[in-house]
Amino acid sequence: MNLFQTVFTGSKQALAAAEGLVAKAVEEKGRDCKVAFPDTAYSLPVIYAATGKKITTVAELEGALDIVRSLIVEEEMLDKLLNSGLATAVAAEIVEAAKYVLSDAPYAAPCAGFVSDPIIRSLGVPLVTGDIPGVAVVLGECPDAESAAKVIKDYQSKGLLTFLVGKVIDQAIEANVKMGLELRVIPLGYDVTSVIHVVTVAIRAALIFGGVKPGNLAEVLQYCSDRVPAFVNAFGPLSELVVSAGAGAIALGFPVVTDQTVTEVPTLLLTQKDYDKVVKTSLEARKIKIKITEIPIPVAFAAAFEGERIRKND
Amino acid sequence: MSEEKVISVDQTTLQMLDKAKNEGLETAWDRKVAQKAACGFGSAGVCCRNCTMGPCRVSPVPGKGAERGICGATADVIVARNFARMVAGGAAAHADHGRSIVLELLHASPNGAIQVKDEKKLKKVAARFGIETEGRDVYDVAHELAQAGLRDFGRQEGHIVLPPTVPAKRKEIWEKLDIVPRGFDREVVAIMHSTHIGCMADAEAILKMGLRCGLADGWLGSYMATEFSDIMFGTPHSRPTEASLGVLEHNQVNIVLHGHEPVLSEMIVAAAEMPEMIELAKSQGADGINLCGMCCTANEATMRHGVKLAGNFMQQELAVITGAVDALVVDVQCIFPALAKLSESYHTKFITTSPKARITGATHMEMDEAAPLKTGIAVVKEAIMNFKNRDKSKVMIPEAKTKAEVGYSTEEILNKLDGVVNSHIGPMQSTKPLADVIVAGVIRGAAGVVGCNNPKTVHDEGHLEVIKGLIKNDIIVVTTGCAAQAAAKAGLLTKEAKELAGPGLKKVCELVDIPPVLHMGSCVDISRILELVGMTANQLGVDISDLPVVGIAPEYMSEKAISIGNYVVASGIDTWLGVVPPVTGGPEVVDILTNRIEEWVGAKFFVETDPHKTVEQIVNRVNEKRKKLGI
């Protein structure tokens, strides 16, 4: 299957999944049931940024499926491909919103799920000052916990904010990677769709810090591309859904680096099979330069360890 | 000249044609009208003059009228023979061009006018000819390389040295069809022999000879001309220039270089840059010396020095008609003999320099091969001394000029591509990024838009409509020859032109920092396109015919274009012709060229005079190829 067809297929799968979950929400909670993510003034941020409209009820959530449909135009041109990626993002947000409708607490430790506005505001300053030089989204599954930890700890030691999605969360735990907002490693969830919670971080950055008007999608994308130094590491076998989500990342200007053999697109979609080089490859792809003052000490030293708590047993 | 018919989409051309009309001067367009309706027999290719039993003409309609010439040759045999002779004519032109250049390398010396400028390229080319370079004197290598190159022109046994950019699968196809060229001159002679009366009388076999001769042109004559020119005069890199007749200057000595071989332009560029020449120009009341080019000499000079592009083939007379050209200096190929008479109406010195192209009525200043710079200086002096004769009341220089970026040799394209390679993944200096975006579908394919101007079509319209249509559909365009100049004049060779491209190509232009249309040089530099396509095929491990790549000659006219078409198709690249070639009288020939040839070489000719339909057909064909390749 060519890259375009893979993305279109993944987007249609995302749409089908969203339709299924919305139908379930309608059945279980009714169309009038409230829809909201916790602690946000931006409703469903992706949809709000794209359309300027706030989704408040299940009925409106059902209506939002049309946005997904309208973005999937199966014509093999780059703009259609990027839109199809955005369709997957919108569908993922619908799925995630439905999870919050169907359950009061869809996410439990270690997974964070939705990232609240206050957290984003607290990240704003270090992002602007470059104290957080980049945002890494690590998703999927590494061949072993050791290589996963190597990559994540490397980002951590460089002060990057790292979001984890999928089995890599368990691998990070297995390898004793310390996590938490203060440690700048945030596990989001096990489903692919939970990656949307980092997308909304970037999108809310455009709305909060960039002052971009909701509904001005082109400007939101431009802000993310110019100002949010994020990138994606996709490890392990890639489903069509993941690839189409990757197209969404590329639409936001975030390059995708994977350990799989894929149809590469220079600077945007890259294969790096050597785990020792994943970090360097990713930083170069996103043009992230880190000012390093290396101090020869026997433990990792970085701003990411500032909030670390030393427990009795440690 | 009929009033209603649009002649050109280029405004300066129309302005100059008005001026010509007012001054009672004749141009090619007038002569086209004077020719009245062209002979239907010649247009269909069914007229034969290969012996004195004839001329014979047979009916272009099968089953009606005379079906055979006196010797018994059928319409298909006559058409195929005429077509093959066009290939031979075109290939011979490129052969002689290549030969001159190889001879220049043979005479290159460290203190001479001609030196080795690009040692790296010399070593690369020497290596492919199996010449040892390690620890050797550069000029020893150069001379040995020139000898090796010359051998391939006159080779009698075995085959020519094919560059490594020919994919293995392609070579196998050529071997199976027995169309691997032997020596370049030999292939031309072979066609002239076999098309003699009473020799070859089988359309299929004649056309195969045409393919073999074409291949000798593309992968040997033109290929060497390009490589050796780069070795001596430098490999082109991207640089800015300007285009259109508006590049002529009011108070400068305007020298227009026209023709093909770079040695002429190189020597004149060198001479015009000499302080004493500039002083001389000033002493004559001019502000300086303004070099401009036309046709392929312009392309050579602009690729390496940014010399301004005055115009393309159909504008050569119009340059003179501005009244501002002090010297029109030419060497060989595509030079209207009409220029001799035309320049009598102005002060313009029309100077021929090559013993291969003498023109009655011109001032002949023969290029001294032993001391070419001397000739360059003499020509520039002649132009400067002619400045004072300019009749300012007769001068009209159009206001228009357009910025353009030129100089995209294969090497420069690879350098640009390096800019998007992640240094932790690599590799550098490869066509992988290009192959990647094609495979991914970000750009759908690549097209080479080449060729001439032809008064049968609206001047430049075919070039521009095809190029704009293709880039809009995310097909990247590389261009050479007069097509490149049409693009330059229309502003398509700028980075800003990315706004006319589709979303994918636009993105690629932004990432790689290039215009959507890349000027790759002169007509012999089509070999650069072969090189690039061959490298990309090798990168992907496929044959050239598998790639979504096409060639188009929207306004071609010369036999060289026919030879080019033959080697492009034989190399596995579908080729669109915007002017109907004289083959319509031979049904079998038409069937072979536009259909059966695909079974031989994986590509064929398409004849389509409507540029918009051409774009549509190309997009469909590109998608077909993508599908077959599974991308």
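Backbone N, Cα and C define each Cβ position, glycine as well.
Here the structure is a predicted model, which means the values were calculated and not measured.
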Site-mate of B:His260, B:Cys296, B:Cys334, B:Cys452, B:Cys523 for [Ni-4Fe-4S] cluster in TrEMBL, selected among B:Cys482, B:Cys509: B:Cys482
Candidates B:Cys39, B:Cys71, the one TrEMBL lists with B:Cys48, B:Cys51, B:Cys56 as binding [4Fe-4S] cluster 2: B:Cys71
Just to be sure I understand the packing, how many Cβ atoms besides its own are within 10 Å of the Cβ of B:Cys452 ([Ni-4Fe-4S] cluster binding site)? 23
Would you mind pulling the DSSP three-state label for B:Cys482 ([Ni-4Fe-4S] cluster binding site)? helix
Reduce the DSSP letter at B:Cys47 ([4Fe-4S] cluster 1 binding site) to three states and note it down. strand
Within the chain of B:Cys296 ([Ni-4Fe-4S] cluster binding site), which residues six or more apart in sequence place their C-beta under 8 angstroms from its C-beta? B:Gly259, B:His260, B:Gln333, B:Cys334, B:Gly481, B:Ser522, B:Cys523, B:Val524
Could you state the whole-number distance in Å separating the C-alpha atoms of B:Cys51 ([4Fe-4S] cluster 2 binding site) and B:Cys482 ([Ni-4Fe-4S] cluster binding site)? 35
With a 10 Å radius around each C-beta, find which of these binding-site residues (B:Cys47, B:Cys48, B:Cys56, B:Cys523) has the fewest other C-beta atoms nearby. B:Cys56
Among B:Cys39, B:Cys51, B:Cys334, B:Cys482 [binding-site residues], residue with fewest other Cβ within 10 Å: B:Cys39
Which of the binding-site residues B:Cys39, B:Cys47, B:Cys48, B:Cys56 has its Cα nearest to the Cα of B:Cys482 ([Ni-4Fe-4S] cluster binding site)? B:Cys39
Once the chains shown are all counted, how many other Cβ atoms turn up within 10 Å of the Cβ of B:Cys71 ([4Fe-4S] cluster 2 binding site)? 16
